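Student: From TrEMBL, for reference:
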type     : residues : note
ACT_SITE : 210      : active site
ACT_SITE : 244      : active site
COILED   : 23-50    : coiled coil
DOMAIN   : 3-425    : domain 'Aldehyde dehydrogenase'
């Protein structure tokens, strides 16, 4: 407990000194972070390989590219984001200065996730630094190699007092959550999200929760199935299905189910070859515990493709399940693995009803040649984000907020949205001491004449 107090106390003292506030300092720290990513690329890729069996080009495109892009955008746009934002004035304030000012919140806690252990720590960190905060970073202990590397590298490049890293498991995180922060951003599952929110409530600390859920994917009969299935296959099986916005299950008419299966099978062969286990592009389940959980979801299911497993290497083949019952175990929890159930629905109305009976997902996907149908699904459902005729791609557009709703989370980040999440929008009005006669109408004694005026 004392160690956590010291870490947070040191960060708060550094923040209170004011040195994180000037834009020049923030940009200097962001440039240092960029230099770290560029200079330590090999070490970062090696850690990701050790944790998730990510090959170099996948790790670079999934993790490093997004961080470099976020840094470039933030450094370019920060002066305009941080500038006072003038607002429209009324008759009583015409001669005054009125604007929204952006000020840092203070000391921010960023708790990362294990499935994309580098980018999911770095992108929120970039936003918190850009907003002028001190930051305590807690990488996931499950991706231990990446967590260790982040703890080694950040102090070499960033201000050691303002930006601290805490490693460890549940005990360390529990201790950390007893401390007072000015904002907490957590990425992970809903159960732990509730724990984080409960701890934050004791200090009235606002939270951004990036959680999960079962992200549905509706395929309309009026659709280019070959293209749709290629895009779905990419998003579902990348990172061995361990992506929070991966399509969790497919909803489609029974008449196209077999075509969907055949198109996905053909795409899997195209992506990973005849022997997926030996493909350098196919990752592994993070550990034995998650391997056993995902494998158990296959029990009693009709496996149309895949199903092979190897516990020693945490390998689960890309798997397709057909004729899945909505009440089955695989439809009760987020899969977070390379298992794709197909549930039959006979109309878009039935698909919408099915989606709305469940908790609000982090993402929702619709494939159709009919744009009006896509917009109908969007207007009649709720989710953190939506992509029509593709999957996952809304995450890669930094002008869109990334976040959940309901059980899939609250708040958002990426690009300007990160800056605003970690800033306080301060109402500022600066009046003139002259023209006092114009204020007589608001001073006592009151009269009907003043009210009518």
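For all residues, glycine too, the Cβ spot is worked out from N, Cα and C.
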Student: Give me the long-range Cβ neighbours of residue 244 (active site): same chain, 6+ apart, Cβ under 8 Å, in sequence order.
Tutor: 113, 115, 187, 210, 211, 212, 336, 362
Student: Where does residue 244 (active site) sit by DSSP, helix, strand or coil?
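Tutor: In the DSSP reduction, residue 244 (active site) maps to coil.
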Student: Which number gives the other C-beta atoms within 10 angstroms of the C-beta of residue 210 (active site), all protein chains shown included?
Tutor: 27
